[in-house]
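Down below is the structure, laid out as structure tokens.
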Amino acid sequence: MILPIGVAAALALALAVRSGPTERTVSSPFPAPASASYDYVVVGGGTAGLTIAARLAASGSSVAVIEAGGFYETDSGTISTVPGYAFSNPVLAPVEFFPPFPLLDWELVSQAQTGAANRKVHYAAGKTLGGSSAINTMAYHRATKRTHLRWAEVAGHLSYTWENMLPFFLKSAKLTPPNWLKRATLNATFSYDPTVFCTGLSICGPLQVSYANWVDPTNTWFSAALEAIGMARNLLGFNSGLLFGGAYTTETISPDASRSSSESSYLTWALQNTQLKVYNQTLVSKILFTSGKATGVSVSTGSAGYALTATKEVILSAGTFHSPQLLMVSGIGPQEKLQSLGIPVISNLPGVGQNLQDPIFFSVQSGVKTPSLASELADPARQNSIQQQYDNSDAGPLSSAGGYIAFEKLPATSRQGFSARTASLLAGLPADVPEIEYLAGSFAGTGNGVTTVGDLSAAVLNPFSRGSVTISTASIADPPVIDMGWLTDPADAEVAVAAFKRLRQAWAAPAISSVKVGPEIRPGVAIQSDADILAWIRENAIPIWHASATNAMGTNATAGAVVDWRAKVHGVSGLRVVDASILPFALPGHPQATIYALAEKIAHSILTGS
């Protein structure tokens, strides 16, 4: 295919890096593997890491970013760059179908989940420049206003309120409004609030946000079904601090219909405009300390081991699973665990690796006679025209990912069977925080009139179950020990069963009946009792890949906080953590937008001393 402009530029850069070790020189953005000193060393070239590295480098500071992976454009090609292939990416597969993909994914597998039929779960995590922004399904939206107020209360600082965070959302991204000229059909309405986006009238951030140039026809029927059971259209969209009802979501897609990741946006900008240095294909083994201050990291590139010194700060952005792991092997974490592995204790922080919160989702599937993204891509007669539409016009099915989502607090009729404890826990959530997210999707049809297998999913957004990340050895080379804790709290089980029933209510709505074909495909009409529904969910729930809070932000280290409101690690100096692990709790919906804004905020804090 003809690569879109943004992808072609990144690919050219990647090919230059991969042309051999002679390209790694002192003057190159990709230095030779040898000891060196920088003002800031950023560990992890993912969503947050490349954002904060670019902003610090733009200030004139010397900055090195270290990433274990390479460039996804060369390592996985169009599977990662073309939006329409997002859901086909093999790194998102469950463990029983998982094909190894070590160039792009950390290949993490959980411990057996006692609340999920003792299944071990493959958990996708981007091992590439761009991190998980290079492999996610590109949904971009923000949390609610009262979510941010709760965050500010837990962090002990008002800088996390909606009003104070909005400037960092604005700074990180540029919105391209809907392009009606590229839409072959007008089967959807995109509504948004232009006051909460930078749209080009001022200097915008490098991340590109837009609406898809093609809408899955099946999703228009799903939207009608969800509206019929109470989820009205949200005319402001999901970026104004309000998550209710349904809408087509904004996505991290560039105007040329290619994925916009932290690599294609922030890194590309930084390599063109700053002196940022990138150590890709390089693994950090330990954070180095002198008298309680982080002074650098030990790393290896291939067989070459060396140290990178940070004269100001080390910034850890290795993600929800690897950031706590790296803290622990470096001597920061629960004292008893570290001592049991012979690791000298730098700071006894019992909260490192604890408090893991991971929303799950599950679906109900039925046949429909409408075309969809999956059926279009699976049709040999359509493949050439679809490819030409994408190559020549940045349009058609390949230009689209995701689509329609909806949020709600469960209605009173769905709450009647809740225990007093579950009702009390839910009542403790902020008033504007939804409990369930609904996602519309599809698979290729099965024949016999079934053009598409419609897939309507529900995600439990505020898990009360808690998991953990720990270590089994003192070596970073051994994978972290991950327990997501799925459905171990009875409240999550009750909420999941109620959400499942809502999915069936949507499928039963007259608004979608005219396109349904045949009986329910999955799980099938035999699953009816609450016990059977819960057992099926335990056996079939999958991650939505939004795990967080394993280095939770807070004021009290004894009570489990790992970082303060400036993202500084308690008990040491010169070290911050900036990624999803420092969220104090699971955010409602998709956290990508917030992680970019959080990195912008902490970069601002570092540079201004605020």
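Placed from the backbone N, Cα and C atoms, the Cβ positions cover glycine too.
Curation does not apply to TrEMBL; its annotations are automatic.
The feature signal peptide is assigned by TrEMBL to 1-19.
The FAD binding site feature in TrEMBL is assigned to Val284, Trp545, His546, Pro591, Gln592. Taking the Cβ of Val284 (FAD binding site) as centre and 10 Å as the limit, one finds 25 other Cβ atoms among all the protein chains shown.
Sequence annotations record features per position, and here TrEMBL assigns domain 'Glucose-methanol-choline oxidoreductase N-terminal' to 319-333. Sequence-distant neighbours of the domain 'Glucose-methanol-choline oxidoreductase N-terminal' (319-333) (same chain, 6+ residues past either end, Cβ-Cβ under 8 Å): 43-44, 46, 106, 108, 123, 125, 131-132, 284-289, 343-350, 352-353, 356, 469-471, 474-476, 480, 482, 547-551, 562, 569, 571-572, 577, 579-581.
For His546, the entry in TrEMBL reads active site, proton donor. Counting every protein chain shown, the Cβ of His546 (FAD binding site) has 24 other Cβ atoms within 10 Å.
According to TrEMBL, the active site, proton acceptor annotation covers His590.
Less than 8 angstroms from the CB of Pro591 (FAD binding site) sit Ala143, His546, Ser548, Ala580, Leu583, each of them six or more residues away in the same chain.
Same-chain residues at least 6 positions away in sequence with a Cβ under 8 Å from that of His590 (active site, proton acceptor) are, in sequence order, Ala139, Tyr140, His141, Thr249, His546. In the shown protein chains, 21 other C-beta atoms lie within 10 A of the C-beta of Trp545 (FAD binding site). Residue counts for the domain 'Glucose-methanol-choline oxidoreductase N-terminal' (319-333) under DSSP (helix as H, G, I; strand as E, B; rest coil) come to 11 helix, 2 strand, 2 coil. In the shown protein chains, 25 other C-beta atoms lie within 10 A of the C-beta of Gln592 (FAD binding site).
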